[in-house]
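Below you'll find the structure I mean.
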Amino acid sequence: MSSTVALSGCFENWMLASSSAIFRRQLFLLKTLGGHCCRVHMERIHGAEGARAATLEADAEGIIRKITPVMDPRLYKGQAGKVAVIGGCREYTGAPYFAAISALKIGADLSHVFCTKDAATVIKSYSPELIVHPVLEESYGVRDDEKASVFGKVVGDVTKWMQRFDCLVVGPGLGRDTFLLDCVSGIIRHAREANIPIVIDGDGLFLVTNNLDLVKGYSLAVLTPNINEYKRLVEKVLDCEVNEEEASEQLKLLARRIGDVTIFRKGKLDLISDGERVNKVSISGSPRRCGGQGDILSGSVAVFSSWARQRLSSTKEATERSLSNPMVLGCIAASALLRKSAALAFASKKRATLTTDIIECLGRSLEDICPAE
Ligand SMILES: NC(=O)C1=CN([C@@H]2O[C@H](COP(=O)(O)OP(=O)(O)OC[C@H]3O[C@@H](n4cnc5c(N)ncnc54)[C@H](O)[C@@H]3O)[C@@H](O)[C@H]2O)[C@@H](O)CC1
Ligand SMILES: Nc1ncnc2c1ncn2[C@@H]1O[C@H](COP(=O)(O)OP(=O)(O)OP(=O)(O)O)[C@@H](O)[C@H]1O
Ligand SMILES: [Mg+2]
């Protein structure tokens with residue numbers, strides 16, 4: 001049985017290999033080892049659609065209109081969304097700020113940041129709107145004999161808030177300190193137990209790529225890799241190179257292999273898959289590639305996916321599976337809004353466009369698609 005699984009897995013990777021020489025050699029091996037079980041497995045993986053499924057351009061603006069809550073005076077604070085960003089260390093204070101403030105600018109009611117002490121005062125000084133918790137610890141501040149108790153305290157300081165959040169964003173500006181990442185693993189495990197959706201970005205992806213069990217089988221997890229992060233994931237999970245010619249198939253396979261997660265592959269085109277279908281968002285964005293745009297995106301995915309969950313739980317619309325997955329809907333909405341805002345910022349700021357300019361355009365872009373009144 002185990003040899004069947006291993007063989008089938010390899011075959012999917014082979015289908016993605018671009019070198020025909022490699023493919024011929026592997027096909028020979030395949031015939032030698034028994035192709036039947038591989039073919040059956042391929043059919044199970046790809047279903048009736050065949051090996052190459054179409055990549056659909058999502059109706060992103062329609063989705064935004066559908067999931068964005070109406071401005072209702074009967075709502076009270078918190079009902080439009082409460083998110084928390086786990087990130088911010090000695091090196092990085094911009095990334096968690098961008099993610100957290102973007103969530104508020106889109107329409108969430110409360111946005112928290114859990115970061116190290118060094119980062120907290122800096123992040124607070126960027127904005128009085130954010131609720132900043134200086135609770136994370138890096139190795140340099142903790143003696144070896146203190147680690148177990150500090151671990152318990154850090155995880156406890158975050159998890160006591162957990163039930164209040166609609167979504168966590170783990171990773172923007174988190175850094176790669178080993179003790180800090182151990183604590184964040186504890187936080188992710190707790191969030192899973194509490195069924196809280198988690199968007200994994202930046203250094204959170206570094207953690208998860210090396211500890212896939214943290215998200216395996218968790219359908220409320222979204223991974224938002226950039227070009228480097230995606231490469232590392234593909235190499236680790238599929239044991240092959242990124243294949244641009246079979247980009248959609250490879251993404252779908254990656255989501256399935258990790259198990260039930262949604263992956264948002266960022267780039268010139270944004271590709272989003274939960275292992276069932278692949279959606280594409282390609283509306284024009286900005287040619288400026290200043291750092292921080294991915295952070296806006298992760299905060300936006302948190303808000304839109306929370307809204308999509310709320311919307312789907314309050315209606316009984318029978319839609320196809322991938323369009324009834326709130327995490328996929330959240331990704332599509334966030335992608336479109338970020339790209340539209342980046343285009344708008346670039347139209348006025350040109351080469352001087354910075355991430356803060358794009359954040360300033362989030363409100364107007366959303367208003368253009370989905371007016372508040
Ligand atoms: N203003 C800010 O505070 C910003 C902070 N950012 C944060 O910066 C961090 C890194 O994100 P990037 O998008 O640059 O990550 P990438 O993985 O795209 O690139 C980082 C580069 O540095 C290398 N690298 C980083 N840490 C390393 C390590 N410990 N050992 C060896 N090589 C290492 C990587 O291999 C890569 O070449 C994330 O936490 C991210 O959220 C970015 O979001 C950009 C804005
Ligand atoms: N070449 C491009 N053309 C247009 N838009 C792009 C391009 N590359 C990325 N984007 C947009 O920018 C968003 C952020 O992607 P990017 O690759 O910059 O993330 P990142 O490296 O994680 O960013 P950060 O600097 O915040 O860590 C993507 O979702 C996409 O919509
Ligand atoms: Mg990033």
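Keep in mind that glycine also has a Cβ here, set from the backbone N, Cα and C atoms.
Unlike curated records, TrEMBL annotations are generated automatically.
Okay, so TrEMBL annotates it like this:
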- 60-369: domain 'YjeF C-terminal' (DOMAIN)
- G173, N226, I227, N228, E229, Y230, K231, R232, D295: (6S)-NADPHX binding site (BINDING)
- 266-270, 285-294: ATP binding site (BINDING)
Restricting attention to the domain 'YjeF C-terminal' (60-369), give the mean pLDDT.
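Average per-residue pLDDT within the domain 'YjeF C-terminal' (60-369): 96.
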So which of the binding-site residues K231, K268, S286 sit close to ligand 3, that is, with a CB under 6 Å from an atom of it?
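Cβ < 6 Å from ligand 3: none of the binding-site residues.
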Going by Cα-Cα distance, pick out whichever of the binding-site residues K266, K268, D270, S286, R288 is nearest to D295 ((6S)-NADPHX binding site).
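Checking each of K266, K268, D270, S286, R288 against D295 ((6S)-NADPHX binding site), the shortest Cα distance is to K266.
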Tell me which of the binding-site residues K231, K266, K268, R288 sits in the most Cβ-dense spot, judged by other Cβ atoms within 10 Å.
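Going through K231, K266, K268, R288 one by one, the largest Cβ count within 10 Å is at K266.
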Just checking: which of the binding-site residues K231, R288, G292 have a C-beta under 6 Å from ligand 1?
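The qualifying binding-site residues are G292.
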If you measure K231 ((6S)-NADPHX binding site) to D270 (ATP binding site) at Cα, how many Å is it?
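Between the Cα atoms of K231 ((6S)-NADPHX binding site) and D270 (ATP binding site), the distance comes to 15 Å.
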Which of the binding-site residues K268, D270, C290, G294, D295 have a Cβ less than 6 Å from any atom of ligand 2?
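Passing the 6 Å Cβ check against ligand 2: K268, D270, G294, D295.
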Considering Cα atoms only, can you say which of G173, I227, E229 is the nearest neighbour of K266 (ATP binding site) among these binding-site residues?
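Answer for the nearest of the binding-site residues: I227.
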Inside 10 Å of the Cβ of D295 ((6S)-NADPHX binding site), count up the other Cβ atoms and send me the figure.
30
Of all the binding-site residues given, namely G173, I227, E229, which is spatially nearest to S286 (ATP binding site) at the Cα level?
I227
List the Cα distance (Å, whole number) between R288 (ATP binding site) and I227 ((6S)-NADPHX binding site).
16
Express in Å, rounded to the nearest integer, the largest CA to CA distance found among the (6S)-NADPHX-binding residues G173, N226, I227, N228, E229, Y230, K231, R232, D295 named in the record.
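Output for (6S)-NADPHX binders G173, N226, I227, N228, E229, Y230, K231, R232, D295: max Cα distance 19 Å.
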